[in-house]
């Protein structure tokens, strides 16, 4: 009855009144990026995992704000430009990474100009003597992680084989990761993308979605050679090898677990010889990075949320969001165990939204993947979740005797991971959305997220909270 609701209000108010901002310095910063994880994705994932009254791990964080995701030349952005905004503090152009807005998509010569190249969070942390690294469920050379270390006029220049003739003076993104700063000095690199790092990699099988190296280089061997001269290093390719890693005796850790992106969580081989979970990768990364007395900077990407949305597979996207939430829960537990929670700023956000909507008037407790209601026009049921623009398999219409009929979703399995949600507009894939994304934060200076911010403000808070970059006060700078 009403007492229940009045009590929940009082309890929440009491928690709010007790909250005291942590104004200390962030020795460590962990930035989680749910790629394509807009507010509707979070809401739907919450209902999918727990129900309406529950909260995902990061929804319990005390501070939050909204981020405006437009970039210099696009109202609706991509992951390369938005990652640059978050990691470097500067908005730039669509499809470009680690360069300012003087560089248009595909303009190699412009990207080589020193003044166009951005200095970003990983570099700031390294200049302050901190450990650095990243974990992703996509290729380690994909758009979001590449903005940490690469300067490129086009996000898809991951291998030499895809560089156009007018861009031969530019270095592919995989080489920038292994050969150039700050990538060369990362203590942890984990994700997929074996094919972009190693030429002639017929085993594991070639991923048709991923470019291949044609220059004969083996960047993994180059990484091993470089790191063995600097300290203890380990290269791992499966869960067993990762979990056998002793973080106290590992200064450099490279984990590449698939030729292209990692498999979706529901399809992941969970055996010891299989692919580690995002939680396993993240907690191992923290243990390795925490060896540095000056602290660390870590970026963790749940990148397959976006990949599922692009296919129009809502359940898979929600499942990936839950996997990210699990990794964040595992992280907070580990920070407590290591007794470093109070000195670690944890930020959870997204780069952009998708066009997923939560429709109709389904009853409380209804399966979020199920049917919401019947249309009052054609009398056919529709699902709670739909996309505004999706494809290529999300078109559920047919024409009979000159009349258009919409497929009845109650006649198919809408709970399937590969179910193509109905979409209003058919295209070759789901487009990104242009709405604001939420930023959640806890730890030192987390209260600086409190209103509607520009997306590049994330990098400003990272620099200020940990006194690095343009707020550097350490003896290393």
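Using N, Cα and C of the backbone, Cβ positions are placed for all residues, glycine too.
Nobody curates TrEMBL annotations by hand; they come from automatic prediction.
The active site, phosphoserine intermediate annotation in TrEMBL covers 79. Under a cutoff of 8 A between CB atoms, and with a sequence separation of 6+ in the same chain, the neighbours of residue 79 (active site, phosphoserine intermediate) are 35, 142, 143, 144, 155, 306, 351, 352. Residue 79 (active site, phosphoserine intermediate) carries a helical DSSP state (H, G or I).
In this structure, residue 310 (Zn(2+) binding site) is part of a helix by DSSP. Taking Cβ-Cβ distances under 8 Å and a sequence separation of 6 or more, the neighbours of residue 310 (Zn(2+) binding site) in its chain are 36, 354, 429, 430. Residues or ranges marked as Zn(2+) binding site in TrEMBL: 35, 306, 310, 351, 352, 432.
Other Cβ atoms within 10 Å of the Cβ of residue 142 (Mg(2+) binding site) number 30 in total over all chains. Sequence annotations record features per position, and here TrEMBL assigns Mg(2+) binding site to 35, 142, 144, 301.
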Expressed in Å to no decimal places, the gap between the Cα atoms of residue 301 (Mg(2+) binding site) and residue 432 (Zn(2+) binding site) is 17
Cβ proximity for residue 432 (Zn(2+) binding site), under 8 A, sequence spacing 6+, ordered by residue number, returns 36, 76, 77, 78, 352, 353, 354, 355
